[in-house]
């Protein structure tokens with residue numbers, strides 16, 4: 001298994017697939033899966049390539065989900081090991097995407113290969129949902145594939161997302177949910193004027209201060225067993241012309257909430273609207289919902305993954321819902337149990353991104369054992 005995982009990971013890393021350009025990564029994976037008897041379906045949307053591959057039939061449907069796109073490298077001269085050469089030094093595989101998440105993809109593919117070779121007539125269905133649009137807009141990737149599958153009445157029962165979930169050691173963290181994310185783009189109206197004649201103008205910054213104080217101090221909820229309390233942060237504020245003698249005519253405030261399952265996005269929107277009305281502000285607001293929160297409570301999938309980590313890696317993981325959003329939020333809409341397990345995340349999106357070769361091999365064995373636990 002070791003040689004296959006590392007070789008595939010290196011071949012994927014050597015393709016500079018900066019989002020949403022797949023650079024042939026999915027074709028490489030599809031060719032391997034097709035040799036095993038997987039049915040291959042391409043789902044291109046605009047400039048994004050997506051792959052839906054299946055082996056077997058019936059329930060349960062176990063999907064491996066991941067992305068071939070990577071974030072830009074930044075200044076390549078800052079890299080000790082070039083970002084697309086996939087060098088191995090002292091058990092570390094270097095390159096953009098090594099941890100996020102071409103290493104996981106390689107481990108998933110080889111784990112499935114090993115399982116299908118040993119169990120060609122396995123129960124249920126093993127599937128792959130792979131996109132090249134996770135790191136950027138996330139508009140034409142997993143979300144579009146999920147919409148297509150749901151429209152056809154297809155179902156995913158269990159989904160393993162290979163995002164780099166681990167913190168200090170491989171498998172110490174398993175993500176069994178994620179907070180929702182909603183952004184408000186708020187424009188508060190004023191009246192432009194000269195700072196020496198404030199009675200002839202209306203300063204939207206001054207008017208908005210009491211509202212902003214209430215907004216930032218508001219306690220949305222207390223969280224629960226699986227989620228921390230909902231958090232609001234102001235991300236951007238802009239007003240004025242840049243001149244020191246002009247009262248601004250408009251104030252722009254952008255804020256984001258990472259919210260738990262105790263509240264809904266509708267509750268958040270209604271609460272903000274009530275605050276704005278209370279403070280008598282003239283405004284317009286545009287909302288952008290990046291994703292609703294989801295939670296996979298301990299059950300078949302969580303138990304299978306925890307058991308796999310304990311038996312293969314000797315690690316008892318902590319279940320966690322922290323961090324940003326992932327494509328798991330879209331797959332959860334299908335009613336699937338979703339967890340995320342992947343390599344250490346300490347170097348993702350950084351210069352000299354890297355992953356332990358030993359960890360990738362272990363990860364492949366864990367994914368394989370998960371299939372055994374769910375299908376045998």
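The backbone N, Cα and C atoms fix where each Cβ goes, and this holds for glycine too.
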Out of 67, 122, 194, which one does Swiss-Prot list together with 100, 163 for Zn(2+) 1?
67
Please identify which of 135, 147, 310 is recorded by Swiss-Prot as part of the Zn(2+) 2 site containing 100, 349.
135
Please identify which of 69, 135 has the densest Cβ environment, defined as other Cβ atoms within 10 Å, among these recorded positions.
69
Would you list, in sequence order, the recorded positions among 69, 100, 134 whose CA lies within 10 Å of the CA of residue 349 (Zn(2+) 2 binding site)?
100
Measuring Cα to Cα, tell me the gap between residue 67 (Zn(2+) 1 binding site) and residue 134 (active site, proton acceptor) in whole angstrom.
6
Spatially, and counting Cα to Cα, which of the recorded positions is closest to residue 134 (active site, proton acceptor)? Options: 69, 100, 163.
69
Take the mean position of the Cβ atoms of 67, 100, 163, the recorded Zn(2+) 1 site. Which other residues of that chain put their Cβ within 8 Å of it?
66, 101, 104, 134, 135, 161, 162, 164, 326, 342, 348
Which residues of the same chain, at least 6 positions away in sequence, have a Cβ lying under 8 Å from the Cβ of residue 100 (Zn(2+) 1 binding site)?
70, 71, 163, 164, 342, 345, 348, 349, 353
